[in-house]
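Below is one structure, written out as structure tokens, with a few remarks after it.
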């Protein structure tokens, strides 16, 4: 304790400490989790107010955009995490947490940012929903493939109940929002504007709250800090590149990029806490929070760059219409009619 660690630290190695949850932290965590969950549900309800059922079903029936997102989410991200762990030569237990983050489905924060960058909200919601659903099978498969050189994949506990709850927490409020948009379009627009602002504030609040609750676990390896910086940036960049190569329009490329780089860090934290001992947690416990901070930072940079671009270039409607024209020329008119999900919100 003379080295600077708190007297009640459960693990103390020099100046690196892992503090147990005291009553204050536990109570604060429960209260904040309840409040944030309710707020998140309201935000997703407002996001659903910008989704039209016909267009949403269009993406499900003609799932090219969803398929590209699937390749990014469960192809690019796990492979990128694996390569970063090898390049930085981190400890096996640290490599495993990097892989867990890379295998997680997309987070709901991407839907809020996608709205602010004029992305395809129908595609964004469908991608988040499908990636969370696919995670039931793809997470264990990816972890089995990539982590067997570092640990026994059976040692990693996947909280299927948490994944299921995430899916329900996404689908139910979005469904109500879609219904409101169908019945009362004018009211839906007002709800959407309010919800988008609340959602942006909520994302920042979650990051700040995480920093306060886990203030005793910030001393982790510098290598993990570097990986936590590079990983989300690589996800955004590679997701955008693959979407563009796949022929998606610009606003869908932005959507796929955000869905790829923004991971469900809360799910990663849950898996880590369920799977490892306190001694192991001390080495990598804060990595999910580090990742979430930098994924938010880069998302804000993307948002700022896009807003500057729009200010100097004007509305991007012309660019989208040109790209849409190229896509539509490759398909029949009946295809375009069925595939209503590929109509941009920006052209309304």
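Each Cβ is built from the backbone N, Cα and C atoms, and glycine gets one as well.
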Candidate ranges 158-179, 246-267 [criterion: TrEMBL lists as transmembrane segment]: 158-179
Leading stretch by Cβ pairs under 8 Å, where the reference is the transmembrane segment (224-243) and the options are 63-87, 124-146, 158-179: 63-87
Region pair the transmembrane segment (63-87) / the transmembrane segment (158-179), three or more CB pairs under 8 Å: no
Non-local residues, at least 6 beyond the ends, that sit with Cβ under 8 Å of the transmembrane segment (288-309): 97, 101, 109-110, 113, 116-118, 203-204, 206-207, 210-211, 214, 220, 224-225, 228-229, 231-233, 235-236, 254, 257-258, 261-263, 265-266, 268-269, 272, 316
Contacting positions for the transmembrane segment (158-179) when only residues 6+ beyond its ends and CB under 8 Å are counted: 37, 40-42, 44-53, 56, 105, 108, 125, 128-129, 132-133, 135-136, 139-140, 143, 188, 191, 264, 267, 270-271, 274
